[in-house]
Amino acid sequence: MATANFGKIQIGIYVEIKRSDGRIHQAMVTSLNEDNESVTVEWIENGDTKGKEIDLESIFSLNPDLVPDEEIEPSPETPPPPASSAKVNKIVKNRRTVASIKNDPPPRDNRVVGSARARPSQFPEQSSSAQQNGSVSDISPVQAAKKEFGPPSRRKSNCVKEVEKLQEKREKRRLQQQELREKRAQDVDATNPNYEIMCMIRDFRGSLDYRPLTTADPIDEHRICVCVRKRPLNKKETQMKDLDVITIPSKDVVMVHEPKQKVDLTRYLENQTFRFDYAFDDSAPNEMVYRFTARPLVETIFERGMATCFAYGQTGSGKTHTMGGDFSGKNQDCSKGIYALAARDVFLMLKKPNYKKLELQVYATFFEIYSGKVFDLLNRKTKLRVLEDGKQQVQVVGLQEREVKCVEDVLKLIDIGNSCRTSGQTSANAHSSRSHAVFQIILRRKGKLHGKFSLIDLAGNERGADTSSADRQTRLEGAEINKSLLALKECIRALGRNKPHTPFRASKLTQVLRDSFIGENSRTCMIATISPGMASCENTLNTLRYANRVKEFGISPSDIPFSQGSGSRPDLSPSYEYDDFSPSVTRVKELTVDPTAAGDVRPIMHHPPNQIDDLETQWGVGSSPQRDDLKLLCEQNEEEVSPQLFTFHEAVSQMVEMEEQVVEDHRAVFQESIRWLEDEKALLEMTEEVDYDVDSYATQLEAILEQKIDILTELRDKVKSFRAALQEEEQASKQINPKRPRAL
């Protein structure tokens with residue numbers, strides 16, 4: 001086989017090649033293939049090295065300057081050309097002769113004339129000469145090469161090459177965008193109105209490097225531990241085609257993809273990032289949540305401490321599931337809740353030698369706080385009174401403590417309490433817990449308190465969304481829930497900062513848990529449960545902001561685990577928008593009262609004279625510790641509590657205090673009425689005697705009637721004032737402004 005003539009082609013030089021899609025670009029020659037007269041070339045495209053095999057004819061057609069030199073000279077086997085051919089060849093070698101034959105003016109540049117003018121005149125002359133001689137094949141080798149490979153082209157300048165590169169990149173980018181649009185069109189779910197948001201969230205998650213919390217991670221010691229738990233989408237949300245807008249990329253980071261819309265109706269995502277001590281995704285079981293949250297607190301109560309663990313979140317976000325146990329339909333498996341898991345570890349700790357010698361006894365209580373009132377769930381929901389003794393210790397009068405010997409006893413008490421807990425229907429849940437349930441495990445040594453573990457399942461944290469136009473009872477539920485949650489937050493903040501005063505009297509919940517917020521050996525854990533659905537996005541953000549206020553964390557871009565290939569943020573197409581991650585997104589401003597802004601705060605705390613002020617004067621309760629703590633609470637949360645909302649809370653607190661006094665006075669009058677009946681019965685029996693003392697009868701009857709009139713008149717006046725307070729509460733509820741948007 002004859003050896004292929006590669007001309008000026010050498011390994012390592014760059015040649016122009018033509019791709020199958022018509023693109024022309026440079027590539028480096030890597031090998032010369034003599035067996036099939038081809039060359040192998042390679043080039044770099046999108047960071048990848050690509051190559052192909054191209055025949056010599058294609059190479060020479062695009063690179064005529066690489067044509068072999070011997071093809072230009074006449075071959076020895078070729079017979080001498082006729083005269084006409086020789087004349088043509090002579091013209092080719094001496095271009096000026098051609099110009100003089102045509103009698104054209106002498107050109108200034110022979111190359112330009114020869115290439116632009118002489119060449120077109122040669123081929124018709126050659127064609128006519130060949131026809132006259134009767135031979136078409138008698139063509140010079142130079143003309144044969146030109147006919148085969150076309151006229152030689154000039155070398156491209158760097159500017160032209162750069163323009164061609166830009167054009168190539170533009171075409172490539174358009175091709176990629178077209179492929180992306182076609183791919184999106186295939187993925188479009190016409191039945192889902194939020195498929196754009198779904199694609200944005202999916203693409204964003206693809207840029208993250210997931211490092212979720214595992215059981216192998218260490219457990220850190222915290223005096224105040226704040227964690228977040230995400231539940232999976234439920235059946236109702238799945239049927240409604242709701243989207244999961246919560247992402248937990250690492251063990252302490254929670255991201256909320258909040259859908260937004262511009263003025264031009266373009267939809268985009270606003271990503272808000274929060275950091276906590278722990279973050280549990282929707283695959284974490286109750287046992288794992290308990291391991292990092294409540295389990296470290298069990299040892300605290302054996303060391304004469306007070307421990308508190310509470311679940312906080314929107315209705316239906318999984319609070320009762322976390323604290324009470326797994327649900328199977330309407331049935332609850334109490335053995336898998338934090339209540340039972342904590343009790344199990346308590347009994348295991350009792351068997352340890354260093355605690356066994358203490359001879360500790362375990363007791364349990366279970367009560368609920370509903371609309372500011374306390375009810376014993378283990379004693380047929382008996383209403384209880386919360387009082388302070390002379391040592392300023394809070395006592396829940398009448399609360400039953402039941403001794404428990406094993407975990408089974410605890411499970412029975414939990415079943416009894418859950419069966420009679422107050423619930424109601426809200427927009428988020430058909431069976432919603434509307435009360436705070438408090439389950440306490442108490443250790444006593446020889447009758448004296450040794451330690452207490454309070455496990456609280458809080459009511460839903462909806463800020464009046466379901467109570468704006470409801471009846472009084474539901475309205476009071478929402479008011480008490482919101483007030484108690486604000487008070488709980490401030491009490492925990494005071495515990496973490498060792499503040500001298502804790503506003504625990506602002507609500508019944510914090511008043512009952514007072515001993516858990518005071519003392520150096522007090523520890524608290526908060527489990528914020530969140531719903532993943534897009535429909536619950538606002539309530540989810542409220543929950544996360546509340547948790548962030550309890551224990552303020554900072555967040556930086558380095559805390560977000562982006563994958564290595566994506567850099568600090570993913571590549572975004574023009575239809576995507578993501579906010580930069582900055583600490584200002586999630587750092588919630590600490591609310592303190594600025595002394596220089598007292599004029600701004602004064603209208604919130606002082607109101608024009610109204611019926612409440614008149615009632616304060618009459619009842620003498622205007623400066624009670626409860627109302628002082630309520631004022632302090634509202635001052636510390638002035639951005640969340642508007643003047644109208646404070647007036648409403650003030651009216652509700654006043655009404656609740658008056659209600660308790662009216663009921664207490666009514667009970668006292670009833671007991672006194674029994675004594676009056678006995679006295680009146682004795683007087684009537686005296687009149688049946690023949691010679692009874694009429695003066696004594698009249699005197700005693702008059703005394704009884706005067707006493708009755710005085711007591712009943714006082715009770716009637718209080719009832720009238722109580723009715724006025726009810727009207728004042730109703731008027732205040734109508735003046736509450738909608739919740740102001742939070743500026744981050």
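Each residue's number is its place along the chain shown, starting with 1.
Positions of Cβ are set from backbone N, Cα and C atoms, glycine also.
The ATP binding site annotation in Swiss-Prot covers Gly313, Gln314, Thr315, Gly316, Ser317, Gly318, Lys319, Thr320.
Taken from Swiss-Prot, the feature coiled coil applies to 154-187 (among others), supported by sequence analysis. Averaged over the coiled coil (154-187), the predicted model has a pLDDT of 82.
The coiled coil annotation in Swiss-Prot covers 698-737 (among others).
The annotation compositional bias 'Polar residues' is assigned in Swiss-Prot to 123-140.
Sequence annotations record features per position, and here Swiss-Prot assigns compositional bias 'Basic and acidic residues' to 159-186. Counting same-chain residues at least six beyond the ends of the compositional bias 'Basic and acidic residues' (159-186), those with a Cβ under 8 angstroms from any Cβ of the stretch are 23-25, 199, 573.
Sequence annotations record features per position, and here Swiss-Prot assigns domain 'Kinesin motor' to 223-553.
What Swiss-Prot lists as phosphoserine is Ser75 (among others), and the listing cites similarity to another entry.
As annotated by Swiss-Prot, phosphothreonine applies to Thr78 (among others).
Summarising the annotation, Swiss-Prot assigns phosphothreonine to Thr97 (among others) and lists similarity to another entry as the type of evidence.
Look at Swiss-Prot and you will find Ser100 (among others) tagged as phosphoserine.
Marked as N6-acetyllysine by Swiss-Prot: Lys102.
The annotation phosphoserine is assigned in Swiss-Prot to Ser135 (among others).
According to Swiss-Prot, the feature phosphoserine maps to Ser140 (among others).
Annotated region 'Disordered' per Swiss-Prot: 66-186, in sequence order.
The local packing around Thr315 (ATP binding site), expressed as other Cβ atoms within 10 Å of its Cβ over all shown chains, amounts to 25. Within 10 Å of the Cβ of Thr320 (ATP binding site) there are 25 other Cβ atoms, across all protein chains. Sequence-distant contacts of Gly318 (ATP binding site), defined as residues of its own chain at least six apart whose C-beta falls under 8 angstroms from its C-beta, comprise Arg229, Arg231, Ala311, Thr529, Ser531. For the compositional bias 'Basic and acidic residues' (159-186), the DSSP-based tally of helix, strand and coil residues reads 28 helix, 0 strand, 0 coil. Just so you know, of the binding-site residues Gln314, Ser317, the Cβ with the fewest other Cβ atoms around it within 10 Å is the one at Gln314.
A sphere of 10 angstroms centred on the C-beta of Gly316 (ATP binding site) encloses 27 other C-beta atoms.
Under the three-state DSSP scheme, Gly313 (ATP binding site) falls in the strand class.
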